[in-house]
Amino acid sequence: MKKYDVIVIGAGHAGLEAAFATSNLNLQTALITLDEKGIGMMPCNPSIGGPAKGIVTREIDALGGIQGKAADATTMQMKILNSSKGPGVWAIRAQIDKIAYQRWFKQQIKQQKNLDLIIAEVSDLLVENNIVKGVVLSDQKIIQADYVIITTGTYLKSITHRGSVCVDEGADGTKNAKFLSDALVKLGFELIRLKTGTPARIKKDSIDFTNMILEPGTNQKIAFSHYHPVYKPYDEQLPCHIIYTNEQTHQIIRENLNKSAMYGGMISGIGPRYCPSIEDKIVKFSEKPRHQIFVEPESYELDSMYLGGFSTSMPIDVQEKMIRSLPGLENCEILKYAYAIEYDAIDPTQLYPSLESKLVNNLFFAGQINGTSGYEEAAAQGLMAAINVNQKYQNKEPVILGRDQAYIGVMIDDIVTKGVVEPYRLLTSRAEHRLALRNDNADDRLMKIGFEIGLLKPEVYDQYLNNLKQIKEILNWLKTTTVGQIDDLKFTTLKTNSYLIDYLKRPEIKLNDLLIYCPIKIEDEQIINKVQIQVKFEGYIKNQEENLKQLKRLNNIKLHAIVDYKEVPNISLETIDKLNKIKPLDLEQASRISGVNLTDIAMIKYYLERIKND
């Protein structure tokens, strides 16, 4: 068979991003997948974005990746989350048409140069002198390549669970990968067993939406892609809805806990802390009288609704009772029952920050096989693995994004340094530099890198530079124009010799209020938004950077005064659990614990200072 520069194993979100990046960088690429049905599949929530994750998709786009364009082209609803809070946590979320999303990617694959799609199962890796040389298919055919990127998602020896019923299959009834796990173990890789799950799907026409809380999209022009945006008109967007569980729901779950695959002992894999099953919520948060559920559309072409927040591994008969206890679903038709899925992943501490294996040269890993969760986290890793394959191909240093540079950098640093014990999910709280890692400035942080690598097209980078020039011109006008120079502003409470940039720092003043006097005519909302954030939050960003410098000098602070970390304010339950279990001696040791970030360290320091002064 033909020899390739790169083989990508798996055509999910990580694999697609990797394959398009390597082929766009003129590397001959083979994309191998078990089943065409799995290309770009969204087996769980049909959405892209959300807190931290939406910023990751913007970062992917800024580097020259493809996920943002795919999401913009196939969205059913767009929203800006956390808009009432500071810009450090603003995020875009899109409800995606999962049928259109897969179709979009399949069409792109057909048109893509340097990319061949192969439907087959990889059963082994071809390795000589600790260097990967290609793959062996299940029919014993060999495909040679200089580099291999493994992006197998949740398919390695995967098993689905509904109560005591276990099926040897992949997500949504697809094929699973039966042999590659053994091949990795043979090469010396340590594997971990993880678990995730997905809720039931309900027939839309059987739902009573009357008393549900409506969650519409936005009429603002927002998109993931910086300079190729596709906007979904508001009147074409599909609404989501919110309902809540009730005591009847909780009672059904409590009475049947022993039938749950997870609580009944059928599952050995560890599930995601930040996306727990509904039975996990009832057990761990027993004091809560209700839990929120999102009723969301899956496609313009499907009559199915997704129950976000209601995943379970209960048997089918119990699921029916649980679902029909929910408001509006009393008489619903269940199209597909929920299930949990167990799968193999590698311990990601066996990877360099480039995502290359420490055990086998030229072998890279990306996506859920690295212990992460989420389409966005997967795509980001696929992109970075592809970038670093190209860097190595050209005998260049790997591209390693810093924690102060991108959420992608935060994620990769976390997983390769600390490892994972449960599916890793990106959160804004994991980023100690989150005021600098905003939705609006992904292009400022990463487009130069994308352009220098060769992924970002020159015309896109030129447009970015032109925008940057306009931003500098506006900032210069604000810094050099006084209130007294504008007749309409002479009667404000500011002194007439005050500059407009100081006037803009007032919370009630918007940049658009001042631009009507500006000789530079700007209509691009993206530019206006960037300038406004830079001016209004300049002080906060500088303060955060200073605090981070101080935190680096805390290595010798001892923690023996803390008996129970529940007393420390504003740290997560995950952090409390791990600190109470490990009992670190000092802040340096605490900072190395998986899941403990610099924000947590700052809270511990604050608590120690407080009890010292009491």
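Using N, Cα and C of the backbone, Cβ positions are placed for all residues, glycine too.
Swiss-Prot has this to say about the protein:
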BINDING   Gly10, Ala11, Gly12, His13, Ala14, Gly15  FAD binding site
BINDING   271-285  NAD(+) binding site
Quick check on the binding-site residues: of Gly12, Gly271, whose CB has the lowest count of neighbouring CB atoms inside 10 Å? Gly271
Cβ neighbour count within 10 Å of Lys281 (NAD(+) binding site): 19
Local backbone state of Ser277 (NAD(+) binding site), from DSSP in three classes: coil
Candidate with the highest Cβ count within 10 Å, taken from the binding-site residues His13, Arg273: His13
Hey, for the FAD site built from Gly10, Ala11, Gly12, His13, Ala14, Gly15, who else sits with CB inside 8 A of the CB center? Val8, Leu16, Glu17, Ala18, Thr33, Gly40, Thr151, Thr152, Gly153, Gly367, Ala378, Gly382
Give the sequence-ordered list of residues that share a chain with Val283 (NAD(+) binding site), lie 6 or more positions from it, and have CB atoms under 8 Å from its CB. Leu257, Tyr263
Count the Cβ atoms, other than its own, that fall within 10 Å of the Cβ of Cys275 (NAD(+) binding site), considering every protein chain shown. 19
Looking at the binding-site residues listed here (Gly271, Arg273, Lys281, Phe285), whose Cα lies nearest to that of Gly15 (FAD binding site)? Gly271
According to DSSP, which kind of secondary structure is Ala14 (FAD binding site) found in, if we only use helix, strand and coil? helix
Roughly how many Å separate the Cα of Lys281 (NAD(+) binding site) from that of His13 (FAD binding site), to the nearest whole number? 28
Cα-Cα separation of Gly12 (FAD binding site) and Cys275 (NAD(+) binding site), in Å? 20
Between the C-alpha atoms of Ala14 (FAD binding site) and Ser277 (NAD(+) binding site), the distance in angstrom, to the nearest integer, is 24
DSSP output for Phe285 (NAD(+) binding site) maps to coil
Cα-Cα separation of Arg273 (NAD(+) binding site) and Gly10 (FAD binding site), in Å? 26
Which residues does Ala11 (FAD binding site) neighbour through Cβ under 8 Å, counting only same-chain ones at least six apart? Ala19, Leu31, Ile32, Thr33, Gly38, Ile39, Gly40, Leu117
Check Gly271 (NAD(+) binding site) against DSSP and tell me helix, strand or coil, would you? coil
